[in-house]
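Participant: For reference, the structure I am asking about is given below.
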């Protein structure tokens, strides 16, 4: 039965103004930098009154947070509205503040002249819109200048290049710095002269063409020449002609002036040489007709000559101070030798001399074959030939070859000097010609067969003399090409696969045809493919699970995983533990995988963490009585549903009524538009109705107690709560009334819920009288008569214990105790009440209870043949010994009972009858009273 039912509801309206004021959202903030210039970090501080259940921040830039004091970065300028919503148990409060994130100044500046050739004053102008305070650093080591003016001047005093920086603050206090590298350039004009080696005979006209490089194309306006012969001239252009009339070596200098007033001077040491012609110039030859290839001496003669220019007529020349030379002519037929003798650049020619070169002149060309790079075709182009003979030496140990145009195949690569010797038919002239050839088989290697993607591959050309090469043209398997003159290169491969590489080598000498080397499928580039996924929604403040879905290279397992989850959490696990993001927004998640060959790959994805709704499940009363109803509160910023469909009025409402019949937990679930879910649980404790039962009425004997029992409740209160009851607030109190009494119990499961009552009657019965008798002290072995007295209503009595009694249920009985005893006499009257009295019998030990005769006659007549202990009240004879007059022990027994003839002495020792005499006995005995005593005496053995 329900003791009243009550509907509990929550009043969400009509709240008092005082309560609402105590539950209001509020916040403050401070920023770095303090003037809210983008980018800016703003620390928000919750100052809401009361104790909010939850806080939700909306920062107006797509970010949100549920922390109490978040720190948020604002990177873009513009207005934002920051809203804090505080959720209380009785209301929701929101507060907003508008913030303006100011842009940094767009700094720019200019100068009236960036270029100069010497000290000058530059005028700088700040072009920054809205600039108010400026700090200039002119880059020349002078202290920075701070000013509010948009224009400032600065003097540069040395030749150099200067970096200029400007820091501008605007009206909002926002600051930005712009640095222009190499903005101010100061350099003097640079003069160069292409005319070198000017020389001739006086008078000599020298033409000078100077080149002047100026900064910023500053035009040359004046040129001042000093010709080194004590004469000078001025011009407006850096080109001029001057006539030298004196011999000597002349140093020429030029000073230029530019339109901006810059000047520079450069001297050219001994630029011009002038002299007079040598006299009597001639030369002679040691022969005029000989075999080609023979050394010929040429001897010159001249007056005032210091230089000789020889032209040997065979395509070779010689210039120097040598007037006596030897020359080998490499052409056949007639040649004309010419000589010019000079003095300080002024020359006089001698009469030419014609010489005749007879016989053959050896010469040949060669061509490396393209179909066999170890084979060479040699073409004999010797001149002066008739019926000549040829002798080829290929420098590889092979036999000499006498062919005119041989082909030779080398077996080993290397550098070989090929010699051709040609003799005329008369064997009077011989000519020899040498050429060096390179024999090789071009190849390249990488040193690796399998590499990781994005690794460097070392390519090296082998067996090829690099001096021969014009270009190496690479055609890589990944589609890239490279033309270079280096025989060793390194290439980074960014694509996986099996690649065929090709190299084309082109040579400077056309005698070597190009080499093409193709390496099929020689390079394998491998790499794992990093990939990751996120499982389910990523919601603020809730675990987010990531799964790596990387694809390894074939047969190469992944061995390492390095995660950066974008929230400060890192992991080296294949599958990282679930992580949480404490704010909504976009976070970069990066995974780097490494395989067993140490090949790596990485991937980064941006995950969007959505805001999680807040939800609070509340109840105004966590404990209700069975049958009562309470209204739950689901406080949230998203729709709420309830997951426990038990005794609830609705599942998809915020404030359902519930009437649970047992303890129940209700779960409020809030899900927002992003699919993010939050849960909260409220527990309702149901106090069940009391189903009270008590023990039956009972009776007790006077002076005794009874235990009462109550069942079916959590708390009990018994009345009367007086001296007759113990445990009046327990389910099973103990009562001891002196008269017939009634006890009432009030039982409840909770103080707030109805109680139940019940009564138990306790009747009190009379108790009989009894006296077991006076205590007695007797000698061990005594017989004691027990004579009790008792009241006339006794119908039954019993002695306890019954040990040593001849009758345990007789009013009068006899006891023969073997130890001190307490005897309790319990009597029962006609109503079953009992009473007990105790009497004590104490045993005392005395030597008189034991008897040893003073003589015995072991003659076998059956009378007095054995000497032994006799008596009563003795528990044990611990020891019994006999000694003769000499003190020799002749008999011993231990631990036996009295009156045991078998344990006595028969007058023998070691099986031999002893003589009649007086012997001494000693005995140790233990009484029934646990007392020990000793006896000693004489016994006469009679024969």
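For all residues, glycine too, the Cβ spot is worked out from N, Cα and C.
Feature list, courtesy of TrEMBL:
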type: DOMAIN; residues: 25-101; note: domain 'PKD'
type: DOMAIN; residues: 135-173; note: domain 'PKD'
type: DOMAIN; residues: 225-267; note: domain 'PKD'
type: DOMAIN; residues: 308-344; note: domain 'PKD'
type: DOMAIN; residues: 359-444; note: domain 'PKD'
type: DOMAIN; residues: 527-609; note: domain 'PKD'
type: SIGNAL; residues: 1-21; note: signal peptide
Participant: What stretch of 25-101, 225-267, 308-344, 359-444, 527-609 shows the most Cβ pairs under 8 Å to the domain 'PKD' (135-173)?
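Facilitator: Top-ranked stretch among 25-101, 225-267, 308-344, 359-444, 527-609: 25-101.
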Participant: Could you tell me whether the domain 'PKD' (308-344) and the domain 'PKD' (25-101) have 3+ CB pairs under 8 A, leaving out pairs under 6 positions apart?
Facilitator: no
Participant: State the residues, same chain only, that lie 6 or more residues beyond the ends of the domain 'PKD' (225-267) and have a CB under 8 A from a CB inside it; answer 'none' if no residue qualifies.
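Facilitator: Residues packing against the domain 'PKD' (225-267) from afar: 116-118, 188-191, 193, 200, 202-212, 214, 218-219, 273-276, 344, 346.
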Participant: Counting each residue once, how many in the domain 'PKD' (25-101) are helix, strand and coil under DSSP?
Facilitator: 0 helix, 45 strand, 32 coil
Participant: Which whole number is the mean pLDDT over the domain 'PKD' (225-267)?
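Facilitator: That stretch averages a pLDDT of 93.
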Participant: Looking only at the domain 'PKD' (225-267), how are its residues distributed among DSSP helix, strand and coil?
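Facilitator: Its residues fall into 0 helix, 28 strand, 15 coil.
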